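Peer 1: Below is a structure I'd like to ask you about.
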Amino acid sequence: MRKIIHVDMDCFFAAVEMRDNPALRDIPIAIGGSRERRGVISTANYPARKFGVRSAMPTGMALKLCPHLTLLPGRFDAYKEASNHIREIFSRYTSRIEPLSLDEAYLDVTDSVHCHGSATLIAQEIRQTIFNELQLTASAGVAPVKFLAKIASDMNKPNGQFVITPAEVPAFLQTLPLAKIPGVGKVSAAKLEAMGLRTCGDVQKCDLVTLLKRFGKFGRILWERSQGIDERDVNSERLRKSVGVERTMAEDIHHWSECEAIIERLYPELERRLAKVKPDLLIARQGVKLKFDDFQQTTQEHVWPRLNKSDLIATARKTWDERRGGRGVRLVGLHVTLLDPQMERQLVLGL
């Protein structure tokens, strides 16, 4: 049985700012955007979250919720330095590390001899070491599979951890809301609820064929997760090549104004996800995806050095006009392709 830890730093960017400037600790702060121009919140500290300020929220909305919010532009070199230090701490316990972004990672400690092989104690020691060496707090989840470890890391935030032992998995899954499973969005959750499926326990009683007919490949993933099955390894060689966000509509759309409104809502989430992986927002390409009512889909992208909403909207409009052919659109997606590390080094040297 595997021992997987998911470590997630607590409001990481904001925490680095509060550590380096103690005057910020007890006031609402957020990273990203400014009062003078439009932007989105990358992360917010817990005092700001009490006012409803959240990641990917437009700055204007955040300021309405919390007029005295302190906005910081972000010091991404400092965040990267802290992230590298945290990664080095992980490596003291295992070589099997899969970074997901600057502030979270999976660790496979199945074969680790530290702390007498106890994943629970390893997670505690890692969190304490991070605090001792960086004065930053982390939350952790421990489980026999990746998706449960990720869910567990959110159970006792901030500065806590939650353990799901192999023996506890069946009972935990019985009442686990399907919306907690990574990949189950609002639209999918609504469709599942309409079928009477709210928890993993409900799905366990459902026929796999029914799920496959309704959800395709995702139906199998949903069925497996509800049984506690997740055979994905912690991949130390994992190199993220793209970042994307998409939305499947409850009803097909037929007007460009509807598509543009969806892009406006998707863009802040794309920006937030990209910032966690590439704080400087440098990219190789960006593009859009439309899936039509006949389940055919089309993708169009441009070479572009930095994430740019205006270009994405223009690309989407061109795709809408030239490729839709009067069909309804059931899905809208935005994505970016990240720079190859070697190419990125060459660009930096060229500067």
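From the backbone N, Cα and C atoms, a Cβ is placed for every residue, glycine too.
So Swiss-Prot lists these for the protein:
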- GLU104: active site (ACT_SITE)
- ASP8, ASP103: Mg(2+) binding site (BINDING)
- 4-185: domain 'UmuC' (DOMAIN)
- PHE13: site 'Substrate discrimination' (SITE)
Peer 1: Please state whether DSSP places PHE13 (site 'Substrate discrimination') in a helix, a strand or coil.
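Peer 2: Once the DSSP labels are grouped into three classes, PHE13 (site 'Substrate discrimination') ends up as helix.
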Peer 1: Given the binding-site residues ASP8, ASP103, and counting only Cβ atoms in the protein chains shown, which has the most within 10 Å of its Cβ?
Peer 2: ASP103
Peer 1: Looking only at C-alpha atoms, tell me how far ASP8 (Mg(2+) binding site) is from GLU104 (active site), rounded to the nearest Å.
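Peer 2: Cα of ASP8 (Mg(2+) binding site) to Cα of GLU104 (active site) measures 4 Å after rounding.
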Peer 1: With Cβ-Cβ distance below 8 Å and at least 6 positions apart along the chain, what are the contacts of PHE13 (site 'Substrate discrimination')? List them in sequence order.
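Peer 2: In sequence order, ILE31, SER42, THR43, GLY74, TYR79, ASP103 meet the Cβ cut-off.
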